[in-house]
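Asks: Please see the structure below; I have some questions.
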């Protein structure tokens with residue numbers, strides 16, 4: 001039977017490149033993302049981390065912008081305007097309208113001081129210095145200390161960890177023992193001892209925090225390095241005769257970056273916390289310099305009568321710590337989606 | 001196990017030896033003497049005082065004497081309180097610190113377990129969100145801020161608890177709360193993550209399939225297995241409590257070693273600082289050793305891998 005099936009001739013021709021790209025099944029729906037882009041996308045999806053990032057950006061801009069534009073001079077003493085409560089124009093709520101409870105009555109402290117036309121957003125301290133400017137200034141000092149200490153911590157911790165993990169064997173054992181010994185004394189005790197030796201001040205605080213906080217980073221980097229160095233691409237690099245330094249920079253560091261970034265997000269609030277604790281104890285930053293810790297210490301003395309003097313720095317400190325913690329969590333989920341569920 | 005224990009105790013002793021050595025020589029680098037008014041004293045008086053503190057001997061002899069003393073719990077004489085041996089000063093103060101520290105740890109971890117497991121059980125609901133919020137807040141608020149707030153609002157305004165000093169149990173409530181916040185937050189976070197993991201594992205499915213009640217599954221299977229790794233964070237939490245106690249004891253004027261440490265730092269009382277550093281380090285080492293051993297006992301898998309190494 002010559003009952004042939006009639007197939008159109010052109011079904012057997014190779015389709016042109018134009019037609020192929022028009023086919024749905026061959027289409028790649030989304031552009032392929034690099035690791036960083038992917039992490040960024042996941043970070044933006046995480047509401048808490050995203051808000052934290054914005055909050056931190058605002059805090060940074062305000063703290064460092066206050067070098068150029070500050071509402072008042074943070075060190076300008078004005079005894080006649082001492083201890084004025086916070087007054088924000090347009091807000092009538094008690095606590096923000098410049099009134100104070102004195103002898104059981106609420107009075108306008110600004111009128112008493114003869115400063116009705118002025119308003120200090122966070123009030124003034126016992127020397128009449130503008131608290132808002134001082135909080136900005138203190139935040140700046142705290143952030144500088146934390147960032148510089150973290151920078152040191154990054155360099156020491158990452159180098160130490162990579163070296164230890166890469167070398168392995170006896171060197172690794174000895175290096176890990178050293179870390180264990182450092183970890184066997186509470187960090188704050190070591191920091192206090194170092195500050196006593198280096199004389200209290202900003203530099204010695206930075207050095208002391210940097211010298212003690214790198215251990216965690218070193219341990220994480222070591223563990224990751226040990227895992228990485230067994231992998232094929234490192235073996236390939238070695239076979240091709242790359243020097244260890246090159247391997248470290250070209251192959252290890254990029255692969256370690258997520259661990260490093262995440263850990264940094266937890267080191268910074270730690271450094272801020274240590275600085276605040278030291279200043280609070282009284283061996284940290286000394287006046288006329290101020291940090292969030294010294295402001296808290298000053299505010300705490302008068303907390304019963306002038307609670308706002310402690311509330312404001314405490315609020316700012318807590319917000320910074322909160323934002324860094326949330327951002328750290330968010331980054332961890334963003335870099336390593338497996339950790340979440 | 002005995003071999004492992006012996007090895008660990010050897011390392012503990014070695015660590016303490018290094019800590020003592022390093023702190024001793026660091027302290028020797030520091031300026032300052034036990035003399036309050038050097039200009040007014042005659043040479044023979046100074047020599048006499050130096051002899052009293054053992055400072056007239058060469059450094060290596062002082063070091064050996066100190067080491068020999070430290071083994072027997074003798075840390076020299078305090079500079080601040082003349083004639084008071086450091087060991088006496090500290091032994092009378094360690095009680096309150098230990099009590100508050102332990103209470104804070106127990107309180108924090110127990111409440112943390114409850115908060116964390118509720119968060120995991122009701123995952124992605126408002127319960128979970130608020131549990132996470134509590135734990136993030138607890139980590140973010142420094143303990144000294146919390147201490148002042150508690151002291152003012154619960155102590156002074158409401159008058160529920162004494163605001164300071166040291167007496168019976170009631171005096172320990174506020175410091176315990178202030179110090180316990182971080183352990184609470186940390187362990188809640190930890191337990192939640194662990195429990196979410198455990199709840200999705202096969203043996204939980206099996207237990208559910210066998211018809212166990214919800215509380216039975218949670219209590220007998222999920223909770224127990226998610227609590228084991230919690231032992232690993234006890235060490236870091238102990239550090240946190242020790243650090244926090246320095247400030248919190250100061251705020252509540254509790255006669256503990258944390259308060260003494262701050263006082264000694266501010267008055268350059270080197271023998272006391274040294275003694276305290278050694279005591280802190282000793283306590284931390286013991287906690288770490290204890291948690292490692294406990295972990296090995298509770299989780300047999302660790303012991304086996306430990307042997308393989």
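From the backbone N, Cα and C atoms, a Cβ is placed for every residue, glycine too.
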Asks: Out of B:201-226, B:227-252, which range is noted as transmembrane segment by TrEMBL?
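Replies: The listed stretch tagged transmembrane segment in TrEMBL is B:227-252.
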Asks: TrEMBL lists transmembrane segment for one of the ranges B:9-27, B:28-46; which is that range?
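Replies: Matching range for transmembrane segment: B:9-27.
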Asks: Sequence-remote contacts (6 or more beyond its ends) of the transmembrane segment (B:9-27), Cβ cut-off under 8 Å?
Replies: 63, 66-67, 70, 270, 273-274, 277-278, 281-282, 285-286, 289
Asks: For the transmembrane segment (B:133-154), which recorded stretch in the set B:100-121, B:166-185, B:227-252 gives the largest number of Cβ pairs separated by under 8 Å?
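Replies: By Cβ pairs under 8 Å, B:166-185 leads among B:100-121, B:166-185, B:227-252.
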Asks: Please indicate, using numbers and ranges, the residues of the same chain that are 6 or more beyond the transmembrane segment (B:100-121) and have a C-beta under 8 Å from a C-beta there.
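Replies: 127-128, 131-132, 134-135, 172, 175-192, 194-196, 199, 218, 222-223, 226-227, 230, 234, 237-238, 241-242, 245, 248-249, 254, 256.
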